[in-house]
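What TrEMBL annotates here:
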TRANSMEM  B:21-44  transmembrane segment
TRANSMEM  B:256-282  transmembrane segment
DOMAIN    B:262-381  domain 'ABC3 transporter permease C-terminal'
TRANSMEM  B:303-323  transmembrane segment
TRANSMEM  B:350-371  transmembrane segment
TRANSMEM  B:427-452  transmembrane segment
TRANSMEM  B:657-687  transmembrane segment
DOMAIN    B:666-784  domain 'ABC3 transporter permease C-terminal'
TRANSMEM  B:714-736  transmembrane segment
TRANSMEM  B:756-777  transmembrane segment
């Protein structure tokens, strides 16, 4: 499903070049619930960004499903991302001027995969699935952190992507709410989604099917 | 159902009303300027050309010995002549107060109901006038200081003073406004009592049958008519061919339209830079949301389309805000300009081409200008857009060291300035916008000042206060005795003078010129010379001509001969110098002895006087003029004209009213747009530095100190823009001054930078910066630490 070969990512910083990833080889199969762990600065988020097509490798190849990401143009990469992956961020990244339902409808709008007349109904279904149906017409600023993250997960599912990528989804939540979110991701994995979770919390590993540990930009286990 | 992305556009637009309002106002400024200009042009253009053309302006005027209906009929039948009309002219003076007179020019009309050429329309009062009536041009009442029904006292050369009744007013669109010319134009009937005594100059006006705009053809036809009239036994002393199809104030109009266009373009450039800055600001605020949308699948194109849609929405708002006041300002300005040019504006609808121009400017230009910032924002990588810490702005080492060198500044202020200088594009746009505004403002004042300076310089070279013309040459002893009896007079010089006709190519007399014979050693005249030299003692048959003579005969140059026709003879003078004079009157300065010989005057006679008064203020000169009028009248020395140089100077300045109005309007627009721009830029600066402000507040910076730093940032930007504006204003002013001078006076105004404009803009930009920084400074000071630190 997800295949990385000899992936290196180097960033130019004022202090000089910094290698975030060094020759990473990794395969994640369809339906796996994979946790990527490691200390701060180990390259976890960089690895997730490469899988999401948010960033490009300095060397090596990243293939997700049938798509080889480094060969796609920016626009094709964005279109692919909208249909093939759902991304959940630590800070939710909901558009502040759109309601919860509208935030969920937005990826459908950009991808054009679902007929306009059906988008709201699907958005409400998704919000119900993540247990926040009554928040559909509220703006993000009026929701709690946990509710916002649930809306963000509903948004990630908008175009029914086979892959869900979550970058520290519990990092900004209290432990109880964080546990609820992890349970939700587990349910989605159980429903057939390939879920990749970046976390530095040991407790988040419960329920995952695989753990990949990074250290200094390398896969160590 | 509206798609979520467009809902975002609507909510962003209406949710942040202050910012949207600023953007709309910035765009509306450009729409307003263009609408004003287009509407004004659309209203004035037909008024000027259409109305002037409807007066059937004469192609040529022939001055003959006598005129009759039969003679005019015969002219009408001559080859090439389309029509002709007798229009004798009575030159007179009108009394406007005790011992105060202004020149008048009364046209004798054959039939008020069947005018053929140089037509005019009834305005108020009687039509046609009776034998003892006069109809004044509508703008002349103010100059003559009378109303309809009043009696007008007239003094006509060679006759006793007379009185006529002002029976009404007319509108003669082909004549310039009387207040501008300081002269009273009027119309009398064919049977007018004023004609008794043969005081008029007999004139026949004609239009050519074909090619009415070809001056060469008109001259050929007029010359042929002159030859035929001479064969019929008439004397034709002059043939005048005005520039075909040109309104008497066409030069003013051209200078006016040139400036309107030039400042319209400059103001538009200013608005465009402002819109670009605003869009840059808008996109900078939206970077994180762009990242969010791209992360969930939005392509660069979709993101760009979304923001261009928002700009189109703002542009529509700008059209709604900018067009109505633009239409109103355009009409107001057009009515004012029409008044200055003695015409009326019609209710012409806003033209289709104008709609197209305004729609283009309103709808197409903002997205076009915003394309750069929008594309840049749409292309930002998701990782960069969503980064918790945006990339640190780059500040070159030298500038960094420069700021660090200002160790005496408080550190928070240094941080503020560092932030200002590190966002180079934003700083460049803000400084650029203010600099374009400053350059426009300074150029407007520089042109205005150069104009005033040129006029003052020109009149400053005439060291006399009054110019007096006598009806007949009078013994110098008699004139000197009259002057000696007026204590307000300090001294005078007697210059022989006459008004011969300039002999043009082909030996045809064309326009009247002034032939003056000053003493070569005179201390009263010190004209600037564009080429050649001034008259020298011992010169014979030499002359210095002014630029107006060259405008009549552009082939003349130093070394050529200028020929004038006087008393039936043609006199030639070799040109030794070209004088730089602003007066529109063509003047030929020749040695005193030659002018005496040409005019038949004697050395002990005087007809033209230049007088220096003791007091050089308005009241003193006016008192001297009145006393002279009284004294000359008492001694029976008839005066044909007495002009105060102060009035002559004012006459030229009055011609510039319309020009100054454009310059003032341009300056005003700049101040408004510049203020808007600076406010938006500073607001953005505060928004972008919100987290930094929060950190400063968290470590103890007071709201007053934060607000003060925003204010100082505004002052620094303002001062920086002033330096750039001064550099930009110099070439811009030079170009405009040269172009305006050449259009109006046929000579450049000379490069001039007004210290008042330069200093004034510095003061204004600092005031603008202070006012503009008020809202952003207040916003910064009111931010709580929690709000500031949680700002995404």
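Residue 1 is the first one shown; counting continues down the chain.
Placement of Cβ uses the backbone N, Cα and C atoms for every residue, glycine included.
Summarised as a single figure, the pLDDT of the domain 'ABC3 transporter permease C-terminal' (B:666-784) averages 80.
Of the two recorded stretches, the transmembrane segment (B:714-736) does not lie close to the transmembrane segment (B:21-44), with fewer than three CB pairs under 8 Å once pairs fewer than 6 apart in sequence are set aside. Sequence-distant contacts of the transmembrane segment (B:427-452), counting only residues of its own chain at least 6 positions beyond either end whose CB sits under 8 Å from a CB of the stretch, comprise 259, 263, 266-267, 269-270, 273-274, 276-277, 280, 420-421, 653, 656, 659-660, 663-664, 666-667, 670-671, 673-674, 677-678, 681, 717-718, 720-722, 724-726, 728-729, 732-733, 736-737, 740-741, 749-754, 756-758, 760-761, 764-765.
Broken down by DSSP into helix, strand and coil, the domain 'ABC3 transporter permease C-terminal' (B:666-784) contains 102 helix, 0 strand, 17 coil. With helix defined as DSSP H, G or I and strand as E or B, the domain 'ABC3 transporter permease C-terminal' (B:262-381) counts 102 helix, 0 strand, 18 coil.
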